[in-house]
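Engineer: First, the structure itself, so that you have it in front of you.
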Amino acid sequence: MGDDDDLEKQAQEMAEKALPSSLPEAARRAKIPAIKQKILERLKAQKVENASKPAPKAGALVPTSVPAQAPVQPPPPAGQPPAPPPPPSDVGVGVVRLSGVEICGDEPWFADAAIRKRLRESVADAHKEQKILVGPPADEVVRICPEDGRVLGAGAVLRLGGAHLGGYGESDIAYAYRQLSRALHPDKNPDLDKAQAAFHRLSEASEELRQGLQEQRNALKLIVGVMGGTATEMMLERPQEALFAEACRLLCAVCGIVTEGEVSHVAQARAQIKFQRSSRMFYSCHMQTLMSEWFEKTHLLDLYASVPIRTAYDCAPKCFRAQFLCLLNRAAMAEAKRFNDCVRGSWPKIMQTFPEMGLWRELRQAIHTRVWDTTGEPLVAAPQEPVEETKRSKSRKRSRSRSRSRRRRDRDRGRGNKREDGTYELDDGRRHREDTNWYEKNPIGSRGRGPMAERERKRDLAWDSRWTTSEDDGPKPQKATEEQPPEEVGRDPREVISAHPSGYRACKWARKWRSAMAAILPSGFDAAVPLTDTEVRKLGLLLWKDIVSWAEHTEINRYLGLFRADHQNSKTFGWDGKESGRSRGLEPMATPAEWSFVPVTDLFLVVGEGLVGITTEGIFAEKLKGQGRSSLRDCYKKREKENKNVVDNKSLEPP
C-alpha cells in the first residue's frame, strides 16, 4: 500500500505541473483527476516493467556513473579497405558576445551544436508552457471565421507556428486539433450559427498543417542531401528549425564559393582549399557538385520561393531571420555579378515570398549612395592619363620621315644624269618630287601600282616601324607587369582607400571607415580572418551605430526595424524566461539587447567596396603583400597621438 500511495502522490504532483498556471482554478480542478489517472497508470506500468527485469547476480559488478572506455575495434582483415570515417557532426563555434547586440555579423550558428540544442529545447518548453488555451466557443468561432470575410491561416487557426513557438510536429497538430474540436463541435454549440463553419475550417487547417509538415520534411531531405549530409529523426520530428538552419548553411556555402568583393586569385585558391576541409560547417559537400546544382538547375532556387522555407523563416528567432535576409540578398547579387547583371526568373518569386528583402535592399542602397556621394566636397584634379598618340609624336614621326626623304633626295641629286661629254645634268629636285611625291602626308600610299611600287612600300613600312616614335606602330617593349600576375602589382594604398577601381571617389565620411578597414583587415595575399573576428565585429558595430545616428533623421529610419530586437513580456506568447526579455537560442544569462542582428558583412562590402573581399576562408582587404594588421584600439590611439602633437606644435608657435 505504501508504494501505491507514493505513486498516487507523485501522479498528483505531475498532474498539477502539467497544467499551465494561467488556467482558471475551476478548470484546473476539473482536469486534474483525468490527467492524474493517466499518469498513475503509466507509473504503475513502468514499475511492473522494472520488476520483471532479472536482478544482477551476486558478485557481479554494478555499473557506476563513470563511463567506461570504448572497446578497441579490431583492425580490418588484410585485403579489405578501411571503414569510412563517421559523418561530420556539428561542433560548437565559440563567439564572444558584444553588449547591446544578440548577433553581430554573420555567425555560423547552423554549425553550433549548443545553439541548435537550445533552439530545440526552447521549442519543447514553449509547447509545454503555452499549451492550447481554449476560450469561450463564441469567441473562438469569431476568431476562426472573422465577420469581415478574411480567411485565417492554418497555423493561426490552430495557434501553431510563429516565432513564439518556434515549430511544431504531428503530435502538436493532433493536440491542438483535439483541444479546439472539443470546444467547437456543432453538437455542443447548437445556438452558434457559424459553429459548423468553424469546425469545418478547423479540420481543413489541421490537414493543411500535416501536408505542409510533409513538404517541409521533403525540402529538408533535399537540402541536406545536396550538402552531403543525412537528415536524422530528431531533425524530422519538428523540421522547421532544421530546415531553416540548412537553408542558411546552403546560402553561406554558395556566397563563400562565388566570393564577394575584391578577391585575388591567391585568396580564391585558398578559399577552395578551405571549403574542401571545412567538414564541420558544410558536411562533406563537393564544391563542383554544389555549383552545378545551384547555377545549372533551378530546383534549389525554387525551393526558397516555396511555402516550407517561408514557414521555417516565420518560426525562427528574429536575429537569425535578419541574417537569412542578408545572405539571400548577397546570393542574388553574386548571381548577377556572375551572369553579367542577369538573374534567373525564380528571384522575383523569392522577393515576393520575402518582402522584407526589398526593405533591406533599399536600406543598403541608401548606404551605398552615401558612400559615393561627394557633393559639397572640393573637387580633386584627376591625374592626366597618357594619350596614345600626341601631336608631338606625330610631328616627330613626320620629321624623321622627311629627313630620310631629304637624304635620299640629296643622294639622288648628287648622282645626277651623266652626259656624253662627262658632265652631269643638274637636278633641282622638281622631277624627283613629281615622281615620288615625298612631301605627301602619306608618301607610301601615293605610289603607283606594280611590283616595284609594292617593294618600295614594304621597305618604307619596315623603315618607319624601326624609327617611329609613336606608340601605335612598330614593335613595343614588353611590359614588366605582363610577366607578373595581376594581383602582385596592386594599387596605391591611398588610391585604394579613397577611390573605387572604376574611378568613383568616396566621400570623406567613407574614407575614414575605409582607412580603419584597411588597417584592421589583413592583406588578401597573406591570409584572411573569420567573420567572427573580434576586431572586425567591433569595427562593424561602431560603423553600424554611426549609420543608425544618420539614418534616424532620414526616411530610411523605418527600415531599421528589421534589425531591432523584439522583447518578450508577460502579455505576449513566449517561453520560459519570457520576463527577462531574452531571445530563443541564445545563452540563458544573456541580457536584453537593442539590436537583434548587425549586418557587419554587408557594411564592409558596401562601405569598403573595391577594398574588401570575402570568401569561405574569411574577410580581408586589398593591401600590399606582407602588411600587418592593427587593432581597433591602436588605430584610435594613433589618431589621438597625432591630434595631440598638432596641438603641441600650435602652442609652440610664436604669437
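The chain as shown is numbered from 1 upward.
Backbone N, Cα and C define each Cβ position, glycine as well.
What you are looking at is a predicted structure, and each value in this text was computed from that prediction instead of being measured.
Look at TrEMBL and you will find 1-30, 47-92, 375-496 tagged as region 'Disordered'. Positions annotated as compositional bias 'Low complexity' by TrEMBL: 62-71. Summarising the annotation, TrEMBL assigns compositional bias 'Pro residues' to 72-89. Annotated domain 'J' per TrEMBL: 147-224, in sequence order. Here TrEMBL flags 393-410 as compositional bias 'Basic residues'. Look at TrEMBL and you will find 411-438, 452-463, 473-496 tagged as compositional bias 'Basic and acidic residues'.
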Engineer: Helix, strand, coil: count each for the residues of the region 'Disordered' (1-30), based on DSSP.
Structural biologist: 23 helix, 0 strand, 7 coil
Engineer: Over the domain 'J' (147-224), what is the model's mean pLDDT?
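Structural biologist: Mean model confidence (pLDDT) across the domain 'J' (147-224) is 89.
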Engineer: Could you tell me how many residues in the domain 'J' (147-224) are helical, how many are strand and how many are coil under DSSP?
Structural biologist: 50 helix, 0 strand, 28 coil
